[in-house]
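Below is one structure, written out as structure tokens; the observations come after it.
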Amino acid sequence: MQELHLLWWALLLGLAQACPEPCDCGEKYGFQIADCAYRDLESVPPGFPANVTTLSLSANRLPGLPEGAFREVPLLQSLWLAHNEIRTVAAGALASLSHLKSLDLSHNLISDFAWSDLHNLSALQLLKMDSNELTFIPRDAFRSLRALRSLQLNHNRLHTLAEGTFTPLTALSHLQINENPFDCTCGIVWLKTWALTTAVSIPEQDNIACTSPHVLKGTPLSRLPPLPCSAPSVQLSYQPSQDGAELRPGFVLALHCDVDGQPAPQLHWHIQIPSGIVEITSPNVGTDGRALPGTPVASSQPRFQAFANGSLLIPDFGKLEEGTYSCLATNELGSAESSVDVALATPGEGGEDTLGRRFHGKAVEGKGCYTVDNEVQPSGPEDNVVIIYLSRAGNPEAAVAEGVPGQLPPGLLLLGQSLLLFFFLTSF
């Protein structure tokens, strides 16, 4: 039994002293160090002692870091990988290093980085990613790095940074973002304001400069002139017809999304109907209502016709098209959305009572009812439903109906005499 214990301890001692052949392992200043720098390595060698806290793989020829590359060294506190040929850091390559405090990936060729791995590195204090090929950093990349003190992103290919990127870094004291080809458009204005007001040390600010547009090339971000910028706004309204459109006979639902903002926002329709969700990210028809070249539709006339001016037409509107129609606008400064619920009810079959029960008490403060002439009629907080009767020709006649408690809500707009459409207007 005693011999068995001796063999067991000998095995443990051997494992503790194991070290990959190209590397030097030992203790220094109370840290377990594995030095594999300048070894002409093309991959991370296996066989490290599990108690290693500092690992240097600098100045090798590593082309990438695969998933689980450092699974053998879970207690690692410092990892040095500078001056390699790393292009890709795969998801899971760094995620297991929850004790890591210093990470140096500088002077590589990294363009593909698993930013989600950083979410597990909450102890990180130093992150060096300068002199790489990074073009994009997600807004939430640093969300867990509340202990980070120094961040180096200089000498990359970053064109912009999302507002709020550095907000989670409450301990940050040093930031380098110079020598990046920034696009000085509305999306970068926040960075100028933040850099001028933050207590974080940001050296070489004259080298944080614009690459585009051409008129601003070379201008330091700190001296960027005021730009005409505004976040998107949207107003979703009903229109009885679409000028110049060739519509098929029958009922027509026409919506118009009025979008404002600088730079000009991108318009996107999100339609939720019984059969699923329809996304329309660009116009799919011309003014004649026929599909534009390249539009993926089965016929020459799409079911949901999105025009370049912000209008959306649904000819022959029926039960299959009931649902929620949302207009979304997005630019560099943010997004805005407005929605309308659309359903059919047959007059004389309890449709009005159904609508009254469904929407009773759901007041939308500050909304307005749109007439056939697309003029907004002021409505009080109790005006929350617009009832629309469309004629077969698609040319409704307007009349306003007053409601009382227990019946249809007030502020209803009645159009025509055949098919009932109701809209519950909401804005986000």
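Indices start at 1 and increase along the chain as displayed.
Cβ atoms here come from the backbone N, Cα and C positions, even for glycine.
Copied over from Swiss-Prot, here are the features:
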{"type": "DOMAIN", "residues": "19-50", "note": "domain 'LRRNT'"}
{"type": "CARBOHYD", "residues": "Asn51", "note": "N-linked glycosylation site"}
{"type": "REPEAT", "residues": "51-72", "note": "repeat 'LRR 1'"}
{"type": "REPEAT", "residues": "123-144", "note": "repeat 'LRR 4'"}
{"type": "DOMAIN", "residues": "232-343", "note": "domain 'Ig-like'"}
{"type": "CARBOHYD", "residues": "Asn309", "note": "N-linked glycosylation site"}
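The list of residues near the repeat 'LRR 4' (123-144) in space but at least 6 beyond its ends in sequence, with Cβ under 8 angstroms from a Cβ of it, reads 77, 82, 87, 98-111, 113, 115, 150-159, 161-166, 168-169, 171, 176. Taken residue by residue, the repeat 'LRR 1' (51-72) breaks down under DSSP into 0 helix, 5 strand, 17 coil. When pLDDT is averaged over the repeat 'LRR 1' (51-72), the result is 97. A separation of roughly 65 Å, to the nearest angstrom, links the Cα atoms of Asn309 (N-linked glycosylation site) and Asn51 (N-linked glycosylation site).
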